[in-house]
Structure formats: structure tokens, C-alpha cells
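Worksheet: one structure, shown below.
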């Protein structure tokens with residue numbers, strides 16, 4: 001019973017962390033300074049983590065210790081008591097979106113019991129496909145794009161011509177975009193945010209049906225934390241974008257041909273995920289301001305129970321200013 005209560009509290013505690021990150025980053029919305037938005041989120045989240053009764057270690061953060069003040073790989077977070085956990089964090093997924101006033105920027109955190117999260121080492125990029133629970137059993141990352149689109153369409157009960165695919169708008173995806181269109185499906189291009197893209201694919205309120213393409217390996221692990229609670233599937237393969245990265249991935253002992261599933265990326269159901277919208281998006285609204293209040297929308301998931309919570313919070317900025325050194 002004690003463990004059950006502890007787990008339940010952790011899910012909502014993480015929301016407070018992402019709320020802090022989103023509130024801090026949102027002050028830089030549209031101001032053209034993505035580094036400032038990122039740093040503000042990091043500083044706020046580091047303080048918020050101190051209120052969670054865990055012994056946490058960041059295994060997916062923003063660089064090594066010499067990159068401080070970012071939340072670096074290996075950094076200890078949490079109050080320092082309670083369960084030992086691994087943490088994967090992206091203070092702002094979509095810093096350019098914040099800086100340029102675009103959509104779908106999120107503050108995101110994944111957490112699992114110690115040893116429960118896949119550590120990507122020096123892998124920065126992987127190819128990935130993510131779908132909702134209805135299509136979880138029909139995708140094959142090694143299959144041609146057309147085959148996957150037909151399988152997903154059948155699972156969702158719609159024609160291929162009505163399938164919407166989230167793709168990052170990058171030069172590396174030129175052939176992928178062509179293949180999707182030749183198969184008859186619709187391409188939805190986004191500048192950044194493939195955690196957001198995977199969440200869209202699993203959200204029945206969104207028009208997105210699946211995510212395809214090459215994105216961040218760390219983001220794939222964070223996404224898997226969410227999908228363990230939401231349901232759905234993400235398949236990934238290492239896809240180094242430089243010879244140096246390829247060499248590093250092989251040196252780290254990874255097989256470039258191995259397909260990793262959601263259960264490889266997160267090996268336990270004792271896992272949690274939280275996201276708070278920084279800018280408006282299909283999954284979560286961004287931070288809004290009404291008088292002295294800042295309003296946030298967040299998503300929280302818990303792997304063990306499959307519980308999802310949508311949290312709307314009103315933050316009194318005047319009172320927060322008296323309690324915290326962080327400007328909200």
C-alpha cells in the first residue's frame with residue numbers, strides 16, 4: 001500500500017516540475033531568444049525537482065557536467081530520500097517554437113525506477129514510427145512506408161488517403177515525404193517537437209494518425225514513458241547523422257540493426273510522464289495569462305495503472321514571486 005501511494009504522488013509531482021518549466025519559458029515567447037527560454041526552464045525545473053521525495057539521477061538531460069547550468073547527464077535531482085529513480089528531461093521541447101511564436105512547444109519529463117530507462121549513450125538520432133494503441137500491433141519499422149500506411153489505415157478503419165502523418169520538416173526527410181504522398185497519405189510538416197508528434201498520434205482529439213521519420217533518440221525514451229501510460233507503440237532504430245555519431249554508437253555497444261520497442265525503451269511499468277504546454281498545440285494549450293494568474297494545461301500518465309490526467313492550473317504570479325527566485 002505504501003508503494004502504491006508513493007507512485008500515485010510521483011505522477012502529480014512531475015506535473016509541478018513541468019509547470020515550472022513551462023511558466024518560466026513562456027516569458028520568452030516570440031522574443032527570438034531560444035537559449036534564454038531553455039535556461040529559464042532549466043532553472044525553474046531544477047528547483048521544482050527538489051520538492052519530490054526521490055533519489056533521482058538524470059540519465060537523459062542536456063549534456064555532460066561541463067555543460068552546466070543545464071540539467072546534465074548524471075546530475076542528482078530530487079529531495080534525496082525515497083525511491084531511486086532515473087529521469088529523462090527536456091525542459092523545452094521546441095525552443096525555436098517558443099522563440100519564434102510557433103506551436104507545440106512542451107516542457108516534458110519522464111521518470112522510472114532505477115534502471116528502467118534505456119540510456120542512449122552518445123546516440124543523438126534514431127528513425128522512429130509511433131502510433132496509438134489501435135495500431136500498435138501492425139507497424140514494422142523495417143517495412144516500406146506504403147506497407148505501414150496501409151496497415152495503420154486498416155487498423156484505424158479509414159482509407160489511406162485520410163491518414164495524417166506527422167513529419168519533421170527537415171532536409172533528411174525529402175524521400176520520406178515523397179514516399180508518404182505517393183502512397184496517398186497526407187503529410188503534416190512541423191519544424192520541431194517529435195515528442196509532441198507522438199502524443200498527437202495517440203490522442204483521439206488530434207487529426208494526426210502516426211509519426212514517421214528521424215528524430216532525437218533521447219526524445220524517443222521520453223516518448224516511451226508517455227506511451228507506457230497512454231498505450232500505443234513506438235519503434236526505433238539508430239540512425240546516426242554523421243560518421244562520428246555512427247562510430248560512437250558502435251563503440252557504445254549498440255547494434256545499428258536492432259529494433260527497439262516501447263518496452264525496450266522503458267523496461268518497467270513503474271514509470272511516469274508529465275508534459276505542460278509552453279505554446280499552444282494540438283495536445284495541450286500553452287501558458288495563458290489572465291490578470292495576476294498564469295494558466296497552464298498539463299498531461300500526466302502513470303505506467304502501472306494506465307491513468308492519464310489532464311490538469312488545468314491557475315498560478316497566482318504575485319504570490320509565487322514572494323516564494324520563489326524564479327520569475328514567472
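Along the chain as shown, residues are numbered 1 onward.
Placement of Cβ uses the backbone N, Cα and C atoms for every residue, glycine included.
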Same substrate site per TrEMBL - residue from 74, 110, 216 joining 93, 94, 95, 125, 170, 171, 172, 192, 193, 194: 216
Candidate from 19, 162, 219 that TrEMBL assigns to the same Mn(2+) 2 site as 90, 93: 219
Environment of 90, 93, 219, the listed Mn(2+) 2 site - residues of the same chain whose CB lies within 8 A of the CB centroid: 94, 106, 108, 193, 194, 195, 216, 218, 222
Other CB atoms within 10 A, centred on residue 216 (substrate binding site): 22
Spatially closest candidate among 38, 62, 219, the listed binding-site residues, to residue 95 (substrate binding site) (Cα to Cα): 38
Distance in Å spanning the most remote Cα pair of 93, 94, 95, 125, 170, 171, 172, 192, 193, 194, 216, given for substrate: 20
